[in-house]
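Take a look at the structure below.
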Amino acid sequence: MRFGLNIDHIVTLREIRKTYEPEILEALFIAKNTHKVDLITIHLREDKRHIQNEDVLRLLEISPLPINIECSINVAITDFLCSLKNKPSKVTIVPENRNEVTTEGGLDCSLKGLGEVIRAYHNKGIEVSLFVDPLKDALHFAKEHQVKQVEFHTGVYANLHNALYSNANNQIHAISALKDKCPKELKEELHNAFLQLRRMSKEAFFMGIVVCAGHGLNYTNVKELLKIPSLRELNIGHSVVSKAVLVGLEKAILEMAQLIKR
């Protein structure tokens, strides 16, 4: 299993104060020196709430690890990434809403202009992945557009798992739609969410599409996903950075790697 470390929220801390620390390159080399991280993931958002264009340039110039850049189909961002001298190892196209706190679901593959953006990256020799819900239609769209990777949105699975097996439902930011559900109902929905991820991962495998997954994964809910044999990569960020605040980034990375690289 490949471990993609998302370091967006290292930069979130920097941007809150509009200062120079924490240094994104230091985080990069801490990750590299653990010898457990396979790639670095960053999300270049339209509103630049964390990662900035300059961060992209610096990372691509010196990173010893592959860089996966998440982004929308925004024209300015597409043009910027296509113009880069140092190319990312892949671009993962994600949906984006300026009012969202974080990505809320998978990409709508009927989105106008999506095919053109995929072709623009392919023409520059940049591999494309699509951040999608685990659905057949998304896989067929990927196949039709010569996209060799998808990343399944695991938010539904992760939220249900957290509601059942953590104190998430007792916290200030509990998800209202899950808070009042009984454990039996949550277990059934969680089981169905897992089965859907497993079914669509198998489907993708037989279609020749590499399957990655991410969103909302943490030290507890990630374990079940390791039972999906066709899953090749997990991208995890917020939970690792959250733990790093308390125990340090190196230890937080190693603890996650111990779970997913068994």
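We count from 1, first residue shown onward.
Cβ atoms are placed via backbone N, Cα and C, with glycine included.
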Q: According to Swiss-Prot, Asn6, Arg17, Gly237, His238 bind 3-amino-2-oxopropyl phosphate; so which of Gly208, Gly216 is the extra one listed there?
A: Gly216
Q: Starting from each candidate's C-beta and looking 10 angstroms out, tell me which of the recorded positions Asp8, Glu70, Glu151 has the most other C-beta atoms.
A: Glu151
Q) Say you check the Cα of Asp8 (1-deoxy-D-xylulose 5-phosphate binding site) against those of the recorded positions Glu70, Glu151, His238; which is nearest? A) His238
Q) Near Asn6 (3-amino-2-oxopropyl phosphate binding site), which residues of its chain come within a Cβ-Cβ distance under 8 Å, counting only those 6 or more away in sequence? A) Ile40, Thr41, Ile42, His43, Gly214, Asn235, Ile236, Gly237, His238, Val240
Q: Fewest other Cβ atoms within 10 Å: which of the recorded positions Arg17, Arg45, His215, His238 wins that one? Let me know.
A: Arg17
Q: Going by DSSP, give the three-state secondary structure for Arg17 (3-amino-2-oxopropyl phosphate binding site).
A: helix
